[in-house]
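Single-structure report; data block below.
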């Protein structure tokens, strides 16, 4: 890829990235353990950038909705921190797991307390925490409204076919929830907690919507497009820190090394990344690498960081 020019236009950069990756579209393996996701064409690719100054840049399939899956865990964590504050860390840790996102081994070794809120067990525990005082249906509605508020877009919905598909085949997540319940780590019935979890993972968003929803994390906790204050500057910084260290499962270290941005991936092929003080980025390419993260999405973000100098570790 050619060297960046001073003040190079972001649209030109992502156009170049898309052009360079086009011959590789379809690489990676689509998640096949969720039947609805297995049907997605691996050749899709979309990318959107929303800057803190309000500029929006798009390329490829940036306006095509996809299942955000584990990216939704950033939003439920934000809700949990708003409801329970720092007390949530008594129930879930803040350390990278070094294990697969759906591993049960570490959970047993550590008494049913999940390592962090971004692995499946941790996100299930977060769903349990924010379920307090709600029925599952009420909480699912609150999560959807919150994400719409973040993105300033009322068109964001849950893909109920994906939710049903996950509910019917999510045996490992059912096992994780029951395992935590056996340790006294869940406060609500397993089926209620998983109902919330499966539905928030089934949120369908475009790259443009997702980049807008994550913009508060790039701008010190306030969405500069809407003026909505979401979290404090300190809390935004801490959520970004967790995304950097834990946002890509057992591939988090590799992503930090190659990209150097806080980010959260999902097995639907999406990644939401944050360049603090500069922009929020969303990329989607369904083919996954061995860690369960988007293969070309990760590469696109690596290229973007190299061209812009946006890595938090320096240009």
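Keep in mind that glycine also has a Cβ here, set from the backbone N, Cα and C atoms.
As given in Swiss-Prot:
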| type | residues | note |
| --- | --- | --- |
| BINDING | 70, 120, 166, 173, 197, 249, 267 | substrate binding site |
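The local packing around residue 166 (substrate binding site), expressed as other Cβ atoms within 10 Å of its Cβ over all shown chains, amounts to 23. Of all the Cβ atoms in the protein chains shown, 24 others lie within 10 Å of the Cβ of residue 120 (substrate binding site). A simple Cβ count within 10 Å picks out one of the binding-site residues 197, 249 as the most packed, and that one is 197. Of all the binding-site residues listed (173, 267), 173 has the fewest other CB atoms within 10 A of its CB.
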